[in-house]
Ligand code: SF4
Ligand code: SF4
């Protein structure tokens, strides 16, 4: 029963959570900006997400005549799928998620994120409009660049844990969470994670004040909704990843693992929203310079330092 | 297992054919991505999950995005299509076609004795790959890294902002 | 880097600040008496219409949303119709400033949404109120020199009797 229900329930739960997150984010932004945010639909406005969803469902699902139809329809589906697939390997509890024990789990997530770039790039190209194309190009450059640092920053964790499997990585944090020994990698991973989900402050592919809405300018109705939900699911994914890799996953006293995992993930999601509330968007060249001139050397340094310490530990008993 | 592998191989095959027959360059590249994913699937089924993931991350993820990126910018129109049609005359592809056919036959011959017996192989872990790379094949790795370093430096040189040139 | 962290912290502190939002329909915002909202036409203290159809407001209106037509009845001028198109009005208050009789006044009320645009064209019956508005004691015909039934020439407030041009006395 458990084996069958998890693969069905997890995507549904993730979709539901991502939908709710749109409301949570708006309420939190309101809180931090001295206003309320949506608080009318239902108690405290919880049904705002539902109302928005219904609105999106009933909007005209329009494919522009100048668009490349097949690719245009495919792009949001790719975005949605890659994010949802990534959740398969996240170990929500000690028993692992759907495929929590996969021995290359971390690589699987990186692969899915790599494929996620296609959603944005293809959306930009298939829309056949200038702003969308510009957004798509920015997205491609940004996401490819930040994937590099993300991969390199994760190497530290992988070296310390000695495994690509997320469950092993959690298990390796029994004594001390990886945030402390891997704090450099943690910072780089956080930044790269924001850039990967193209969230504010690194949402240059959308950059609404310059590009209309960037890569999804031409999208409407449910297809836009898919991009939207995929973005929020991406936030949950990155938060869950940070929790798993650096914050000890489900490890913690007293409470069961699932509760700890949820708590930590929620904390990370809130931090993401705080970033959005507080920070302005950098210029595009600043973003790239930050990546290649600061984050890449930092993450390489992190790998080097981790390797050195491990070697010294191994040689001196 | 077997059926899955055959399915993946079939997808890879069809995808490869689609790549060379598509007119829109981006569609061709997309089919190439599908082919790569199918190949990664086959690798994973063979027990080399590590290689499969690397295939997706590096080939399907990074390199193909760059391809799409470049192809997106090239707006090839009617004249280009006509020129390509020129290149596709039998005289041009006969030689490579024969060679590819020979290679294909060789592959089929080599593959037949194994099919059906060698499943499942022992899973190949990241550790094995690492030991192989830095043990047996260390010279190759070093040479490749030299090449990449040279590429990096020349890219830096070309992309450098020369003030005096302005 | 430190600046960024400081920004994050400062923003986080705002979680404990009072919210600036006014929850509008339940919680009415304070509107000062001179707030420029819905326009009304007021009446004299003795109940007659103040507007004398001088057209000054229509001229002053920058968006030309006032339209009226003058008629005369026993020495007084009245607007035959007086129409304000509130879908054009920008609530600038120029009409109020231009009016010599304090007839046209803006009030602190802005809740005038409608589902169809023609409903925003207010006629004289909609505009006219029974009170005097912001100027309770003012009556134009009592201070101006125009004779009306019940008030002869020279009978207005602070007005001297008319000069007898047939007399040579100073
Ligand atoms: S408030 Fe301004 S715009 Fe409105 S009627 Fe008066 S003069 Fe015209
Ligand atoms: S409202 Fe005032 S300004 Fe307008 S026509 Fe009447 S008296 Fe003249």
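Any Cβ shown, glycine's included, is placed from N, Cα and C.
Here is what TrEMBL says about this protein:
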type	residues	note
BINDING	C:51, C:54, C:57, C:99	[4Fe-4S] cluster 1 binding site
BINDING	C:61, C:89, C:92, C:95	[4Fe-4S] cluster 2 binding site
COMPBIAS	C:151-163	compositional bias 'Basic and acidic residues'
DOMAIN	C:39-71	domain '4Fe-4S ferredoxin-type'
DOMAIN	C:80-109	domain '4Fe-4S ferredoxin-type'
REGION	C:151-170	region 'Disordered'
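Among the binding-site residues C:51, C:54, C:99, no residue is identified whose Cβ is positioned under 6 Å from ligand 1. With a CB cut-off of under 6 A applied against ligand 2, the binding-site residues C:57, C:61, C:89, C:99 are reduced to C:57, C:99.
Other residues of the chain with a Cβ within 8 Å of the Cβ centroid of C:51, C:54, C:57, C:99, the [4Fe-4S] cluster 1 site, are C:52, C:53, C:55, C:56, C:58, C:95, C:98, C:100, C:101, C:103, C:104. Here residue C:57 ([4Fe-4S] cluster 1 binding site) is positioned 12 angstrom away from residue C:89 ([4Fe-4S] cluster 2 binding site), judged by their C-alpha atoms.
The [4Fe-4S] cluster 2 site, placed at the center of the C-beta atoms of C:61, C:89, C:92, C:95, has further neighbours from the same chain whose C-beta lies within 8 angstroms: C:39, C:57, C:60, C:62, C:63, C:65, C:66, C:90, C:91, C:93, C:94.
On the backbone, the CA of residue C:61 ([4Fe-4S] cluster 2 binding site) and the CA of residue C:54 ([4Fe-4S] cluster 1 binding site) stand 13 Å apart. Residue C:95 ([4Fe-4S] cluster 2 binding site) is surrounded by 24 other CB atoms, counting those within 10 A of its CB over all protein chains shown. When the Cα atoms are compared, residue C:95 ([4Fe-4S] cluster 2 binding site) and residue C:57 ([4Fe-4S] cluster 1 binding site) turn out to be 4 Å apart. Following the DSSP three-state reduction, the secondary structure of residue C:57 ([4Fe-4S] cluster 1 binding site) is helix.
For the compositional bias 'Basic and acidic residues' (C:151-163), residue counts in helix, strand and coil come to 0 helix, 1 strand, 12 coil, using DSSP. For the domain '4Fe-4S ferredoxin-type' (C:80-109), the DSSP counts in helix, strand and coil order read 5 helix, 9 strand, 16 coil. Look at the binding-site residues C:54, C:61 and count other Cβ atoms within 10 Å of each Cβ; C:54 has the fewest. The two recorded residues, residue C:54 ([4Fe-4S] cluster 1 binding site) and residue C:92 ([4Fe-4S] cluster 2 binding site), have Cα atoms 19 Å apart. Between the listed binding-site residues, namely C:51, C:89, C:92, the fewest other CB atoms within 10 angstroms of a CB are found at C:92. A straight line from the CA of residue C:92 ([4Fe-4S] cluster 2 binding site) to the CA of residue C:99 ([4Fe-4S] cluster 1 binding site) spans 14 Å.
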